[in-house]
């Protein structure tokens, strides 16, 4: 089990080449946010945007358009009920994040299936939150795309069949291999299972134990996945920085709000891009 | 009559254990915010979230969803007209805050009764604002749950039958015992009546004399009640910190806005968790 | 012609008595904001709230509720089409500000007339923006209430019949006496005409030459009028501080946005309440 | 090919005369923001407002009113489907910015044609984003007004017929002369083609490679065009300051969000108005 290191993050987040444009930094589509959980997709999209994604589109319930734009004018929006339009736009993106606040009703279930069916091999997928609950309830074939899932321990139990007390690295590894996806199992010290290795995140603070933290991580993973060629390194770097920012904020805060992490992503990415912080 | 002390707050707000997750810090349901008073429930939910509540859901008029999410994506929302759905969600929460901006129309009255009827003995209730007006107008049996009410002096008059000029500690004590709930009677120096003791809050400033201050306190009480096992200590700590933050802000401000208090709750909770401030 | 002095402002904005509550600091009703000019009433209400008004209600087009609450949860809202409800609430307020973004359609005209008819002698009125345009187009009897109008030079031309080039202090004085209201004639150096005196504001900067400045002043006047017993002193102090804040901001800004002024009102009021600044 | 210099910006952004009012600083109408791209017009309008435009009106889909006002109460709004009302208001403005988030459906196309037809010779036009896509798809006569277009390289390819690899200064110059408008061709170092000269912008950073940057520049160009008499100098100054702010922010940020640039425009304009920065 390897720790994610500051060195790895530094080697992943490289200074951007001068001659580049927004198309070089990832087209990211985030899908989620029903009439009850709109905040989740807002937080995920915020994290993706502040992570440097070149273009961010949010497919969500139209109820969430006003609040999303009030917080994040940088994102584009579309009605996630219009499946054909979502799939048409999806055809041109580099990364799809699906799940934050998506809910588990039949419409959500069908949308997840449609997205999984439409995914192309070169598109990266981030499955989070409700998408994992839906998958656990109704397993379905996963596309050949690079896929990362970001379950918390209860979602992981549903997906893997492993009770929380049985979620040892060895058992998790076995379950991950059966699923065939990279698994980010969120806990006090998050562990990440790839086909090659098992990683753990040295950071993390109980000040992060509040709603929306996972949505923010999913958005960061999506944002990083659109920019950095090594998918695993992108995921590991997002996990590391998400908690590194929280740890620093928690030095003076009893609880850290998700949007406070997103606001600092650009500065932390810069810091790690130029040097390995102490 | 005991003063609430910084020492008591310090002993209540303990550093969080490393191995913990959002479910450990309270599921809080806030109910309120009609078509005229939506800001009240926004302010209460903001205070609960910044107080460190693990999961916050707001049952309100759908008109308020966009503004709530624009300010607080961390909260989940539901339509408070759907009583069955509200009660179903309520069954799984640790704390219910009802009243801020709820209004006093028949729908609000029925919702209050439904919530009081559905409350389980282990759920903590915070009754504020319109809920107190409704209770005074139509007394009804209170559940066996731990309950705190947070009236200002006029609301307390309606509830207790005591004219403001007659609201002495002794008379208040008697009225509180009849009601059988913890009573936070808000005034320049707020007094708190429990079955065991009478407390007074040493802080407070006339810079707090502005709309929304009470909604913010109700949200803080709800947030603290979801995290700290001693209900009375949680309430007293919320009352104390609410005014401690305001007092500090008022050193340079003629009026303190409620949302300015909420923004500082995480830092003040941290400060009191590590030491007794001077 | 007297300059408004820092001394006058200091003598007006007194430290608040410890034993006081929000009802002591003014119930302010702001009326305005149609489907095109919603921002105007948002800015006015923001200024009133940050000026320390105890309770702020905004009667506006419902289209503006979400954006108002997203910026200012401290305010209550109501639909200004429901004239009876507006008048019923108005009966209990101390100050009415009418005009910012109200527009000049027949509905606005009727609402203005209804408000003028319903005003009680002890209620203070602030007439601004569209209300002045409507009054100029259709003069109507003004109530016996203390009234202040806040025209810019073109609105003053319409009201007084004085072309801008003829708006000398002497001519303005004569027109003000005929109208029987306090007139704040906004210009680079704003002049204020009362029954007793003519005042001029020493401050002001061309960085304030941007939309919404007047709405912000109207809201400040409303907020101050609800708190300070001397109506004239309240008005003069609002005019003075509005530009004093702008002058300070303009030391480092080419243009000052209205909401930036409002954000600083509490700190400036505090500063003047404790001493005469240099 | 001339570099835009700090000296040129300094000579353009002059201290404002004391005796002036908002009408002196430009009435700017921005048209755009459909149901998917509302954020684009919000960002453009924010940039125009923070650039010091005297009065800003946004014609957009009504869906965007709430989010626009939540971020920018200083702007007025109107429904861009009401073409007659848009044209009526347009008759009184100094600058029209059309295109950000406008989309390319038939309604957008007709609105663009109506605006181009209605433009008066003394009105300045800024054509951006979707307006350029529409123009390239269906060329139409341009009015005699001073016009600037702000294409990125792909939009410029569509408009000029020059493949990106063929967009040399000489070829661009030729294309610009045929179009008869000032062309701001956005790239790592943006180049600007006027009838007299070719300019290049020395600033720019890959941290700007994110959605909304162009919308922000279009809004700045509109804001500057309403204030500074020399149209070319206004455009050049907007281009220069837009990247100068981004370059400074990028010293500590891996990505710069468009709204972060707008927030700093007033301070940068002030700085350049008083001296040539080092």
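Quick reminder: no glycine exception, Cβ is built from N, Cα and C everywhere.
Note that this is a predicted model, so its numbers are computed, not measured.
Listed in TrEMBL:
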- C:40, C:101, C:152, C:215: (6S)-NADPHX binding site (BINDING)
- C:186, C:187, C:188, C:189, C:190, C:214: AMP binding site (BINDING)
- C:5-272: domain 'YjeF C-terminal' (DOMAIN)
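Residue C:40 ((6S)-NADPHX binding site) sits 21 Å from residue C:188 (AMP binding site), taking the CA atoms of both as reference points. For residue C:215 ((6S)-NADPHX binding site) paired with residue C:186 (AMP binding site), the C-alpha to C-alpha distance reads 12 Å. A Cα-Cα distance of 9 Å separates residue C:190 (AMP binding site) from residue C:152 ((6S)-NADPHX binding site).
Checking the binding-site residues C:152, C:186, C:188, C:189, C:214 against chain D with a Cβ-Cβ cut-off under 8 Å leaves C:152, C:188. Other residues of the same chain near the (6S)-NADPHX site, with their Cβ within 8 Å of the Cβ centroid of C:40, C:101, C:152, C:215, are C:32, C:37, C:43, C:44, C:99, C:100, C:128, C:129, C:130, C:211, C:212, C:214, C:218. Residue C:101 ((6S)-NADPHX binding site) sits 24 Å from residue C:189 (AMP binding site), taking the Cα positions as reference.
Least packed by the Cβ count within 10 Å, out of the binding-site residues C:152, C:186, C:188, C:189, is C:189.
Same-chain neighbours of the AMP site beyond C:186, C:187, C:188, C:189, C:190, C:214, judged by a C-beta within 8 angstroms of the site's C-beta center, are, in sequence order, C:152, C:153, C:185, C:191, C:201, C:204. Least packed by the Cβ count within 10 Å, out of the binding-site residues C:40, C:187, is C:187. For the domain 'YjeF C-terminal' (C:5-272), the model gives a mean pLDDT of 97. Under a cutoff of 8 A between CB atoms, and with a sequence separation of 6+ in the same chain, the neighbours of residue C:214 (AMP binding site) are C:100, C:128, C:129, C:150, C:152, C:186. Under DSSP, residue C:152 ((6S)-NADPHX binding site) is assigned to a strand (E or B) in the three-state scheme. Take the CB of residue C:101 ((6S)-NADPHX binding site) and look out to 10 A: across all protein chains shown you find 30 other CB atoms. DSSP assigns residue C:214 (AMP binding site) to a helix. Of all Cβ atoms in the protein chains displayed, 32 besides its own lie within 10 Å of the Cβ of residue C:215 ((6S)-NADPHX binding site). Of all the Cβ atoms in the protein chains shown, 22 others lie within 10 Å of the Cβ of residue C:190 (AMP binding site). Classification of residue C:190 (AMP binding site) by DSSP places it in coil, neither helical nor stranded.
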